[in-house]
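What TrEMBL says about this one:
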REGION    1-43  region 'Disordered'
TRANSMEM  63-82  transmembrane segment
TRANSMEM  117-135  transmembrane segment
TRANSMEM  171-195  transmembrane segment
TRANSMEM  202-223  transmembrane segment
TRANSMEM  290-317  transmembrane segment
TRANSMEM  405-427  transmembrane segment
TRANSMEM  447-464  transmembrane segment
TRANSMEM  476-495  transmembrane segment
TRANSMEM  501-521  transmembrane segment
TRANSMEM  533-553  transmembrane segment
TRANSMEM  663-681  transmembrane segment
TRANSMEM  693-710  transmembrane segment
Amino acid sequence: MGVAAVRQGRRGPQAAPRHVVLRGAAQRRAPRRPGGGRARAVSVAPAPGRVAGTGRLAVPKPALLFGLGLALLAAAAVWNLVEGASGLSVHAVLGAVFAPDGGGEDVLVRQVRLPRVAAALVVGAGLGVSGALFQSVTRNPLGSPDILGVNAGAFLAAVLAALYLPSLPGVPTIAIALAGGLATSALVYTVAASVRPTPLRLALSGVAVTLMLAAASGGLQLLHDVETAGLFFWGQGTIVQDGWDDVRLTGPLTVAGVVLALGLSRPLDVLALGDTTARSLGQRVGLIRVVSWVAAVALGSIAVSLAGPIGFVGLMAPHIARLSGLRRHVLLLPASALWGAVIVLASDDIARLFGSNVQEVPAGVVTAVLGLPFLVWLARRSVGGQIDESATADRTRSRRPALRYGATVTLAAAALAAVVTASLLIGDTPLSELSDFVLWHMRAPRTLVALAAGAALAASGVILQGVLRNPLGEPALVGVMPGATIGALGVLLVFPALPIALLPVAAFTGGVLLFAVAYACAWQSGGVAPARLALVGVGFSAAGTGIVSLIVIDSQLQLSQALVWLTGSTYARSWADLLHLLPWIAVLVPLAWVGGRQLDLFPLGDAAMRGLGMRLERVRLGLLALAVALAATAVAVVGAMAFVGLVAPHIARLLGGGRTRRLLPLAALIGALVVVAADLVGRTALSPKEIPSGVITALVGTPFFIWLLWRTRR
């Protein structure tokens, strides 16, 4: 195209190269004249090797993406080989690699650090390609092995195999992890597809199943703390290796999976045009999806078997590749593999900065924290388009209750009294001459703590669901619970001499801060969309869990103590715990009831509430503070017990709780009933061993969460 043609805005006979900046784009960037209008873009004859009208080198974006990725990967690899407890020079590393003499440095480099770098390459490439395949097959920008439950399923399968099949002949860990990943991903997709597989529904289904499996894994580790002592560190995602054996096994399998994915490049390109178009072009859409899905699950499961569950890599790497304009899978898949390796290796480098000679920080903790801003950016960018806002809309239809409200409350209170009585009378210790001690010093305080914590979590869920106009509002899903856990653990470890009565204050502070940041990140265009807040909450929950793991590892906290906080438990709770919990609940729950009238107006929308004269921002802030305080108070005593704040309010609505002042007491009774029953089941099911109450609530809450997604379908 000639210079004159460019000046006049005429299109030449041939399309411009993809990397050439056309006049229209240049004109949009042209400065405005003082008198108004834009200055006309002026083109000059390009210098050799430069883009016309820009003065920039004519480097295609794909070449820049691969070049930058390779440079960063090389730098991260060199850093990983040089740094460590025993610092080595670059010259010593090169000598150990290319001219070994059998010394100690050679053994360190060749048997410890090189396998570690190789593991990062294998894991990163596998997760990157796995995420790209998931995103293409599901047409879901949130598709990744960790969000879709593959990592959690593979890890749980590996934990089960380590505990109950330690010497299973002829079955490697990879096969067991693959079976777990396939089963979990199939469950997640089936649940989401049964309603309508929108991106957010698929992500929320995956998060729900992941929470359930994570609670099950934590419960197993708590029940078998001696046998699984090393699994906690591995379960956070680490590429630390002891030799080449695991890398030699997983490396070729990952290469085979990537080659298979590359062989699917052209069918996946056609599939991106839509199912109807793909079928008209002769593609077998169902077969392509199944093969791609299995390949994605296999790559993710192989990565888990080598390094444990490392999150967000499969989400970030494909999006980095797509940001450069890559759409064809023959380039997208290698770019995802490259940037996945960069993310894992760089995360391991960052983790080593926070470690010590005695204890290292897992790379998965860093990827969880790094993935948070990326997920926030994705939520703010995609909610208006690909992510369906209606995925969290409350579409449950109110039905006339079978019983009057008073009868329902009476029955709920009677059921709670029956469960409390059973909890006091049933246990592995027979009631005899020790009856007074067993009843009043062991069973009574933990039962009443469970009752109070359940009521607090349920009341928090009622407020969150009302204020956010989100039926999926729950302290564990919007950042409150991980923040409260961080606050409580931080005070316990940094200021161990502080009075235990200040623990709820620390938990409240942590929960408020993390929720405030999550709420601010979800704020856009004058409001907070429920779908956006749910997605941002997923990121904050994952990052919060990573920070908690970092605190646990760095402080050398005992595994059992850590798992109690991470899963939630009423084990060994005393009268002192109850006394620290009751004053907060006695003040906060009545305040929530007083605010019930304002909470009933939130379904009308912000404009209507302002029209009625409500000081909306002040009321919303006060109610959210109440919800956070209630959840944080419970977390400070029983740990991060998930799903109670989700399940109890919805059961109360189904039983006839309508307005908030009716709903709140009924939900509190049901929340107390759920946690007391979970404590009873966990204490007696495998007696004398105990299952944490949080594991039971997660196992009960996940099916309810899935049912709620189905019930709120279009």
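Just so it is clear, glycine is given a Cβ too, placed from its N, Cα and C backbone atoms.
If you look at the transmembrane segment (693-710), the same-chain residues 6 or more away from its ends with a CB under 8 A from one of its CBs are 191-192, 194-195, 201, 204-205, 208-209, 211-212, 214-216, 218-219, 450, 471-472, 567-570, 638-644, 646-647, 650, 674-675, 677-679, 681-682. Against the transmembrane segment (447-464), the recorded stretches 117-135, 202-223, 290-317, 533-553, 663-681 differ in Cβ pairs under 8 Å, and the greatest number is found for 663-681.
The stretches the transmembrane segment (117-135) and the transmembrane segment (405-427) do not meet in space: the count of Cβ pairs below 8 angstroms, excluding pairs fewer than 6 apart in sequence, stays at fewer than three. Nonlocal intrachain contacts for the transmembrane segment (202-223), taken as residues 6+ away from its ends with a CB within less than 8 angstroms of a stretch CB, comprise 138, 140, 142-143, 146-149, 151-153, 155-156, 159-160, 163, 184, 187-189, 191-192, 231-232, 235, 391-392, 472, 476-477, 534-535, 538, 559-560, 563-564, 566-567, 569, 642-643, 686, 689-692, 694-695, 698-699, 701-702, 705-706, 709. Under 8 Å from some Cβ of the transmembrane segment (533-553) lie the Cβ atoms of residues 142, 147, 200, 203-204, 207, 232-233, 236, 311-312, 354, 359, 361-362, 364-369, 371-372, 375-376, 378-379, 383, 387, 392, 468, 470, 472, 476-479, 481-483, 485-486, 489-490, 493, 514, 517-519, 521-522, 562, 565-566, all in the same chain and six or more residues away from its ends. Same-chain residues lying 6 or more positions outside the transmembrane segment (405-427) and placing a CB less than 8 Å from one of its CB atoms are 438-439, 443-444, 447, 450-451, 655-657, 662, 665-666, 669-670, 672-673, 676-677, 679-680, 683-684, 687. Tertiary neighbourhood of the transmembrane segment (501-521): same-chain residues 376, 379-380, 475, 478-488, 490-492, 528, 533, 536-537, 540, 544, 580-581, 584, 624-625, 628-629, 631-633, 635-637, selected by CB-CB distance under 8 Å and a gap of 6+ residues from either end.
Within its own chain, the transmembrane segment (290-317) has Cβ neighbours under 8 Å at 119, 122-124, 126-134, 136-137, 142-147, 150-152, 154-155, 158, 172-174, 176-178, 180-182, 185, 189, 234-239, 246-247, 250, 253-254, 257-258, 260-261, 264, 268, 336-337, 339-340, 343-344, 347, 362-364, 367-368, 370-371, 374-375, 378, 542, 546, counting only residues six or more beyond its boundaries.
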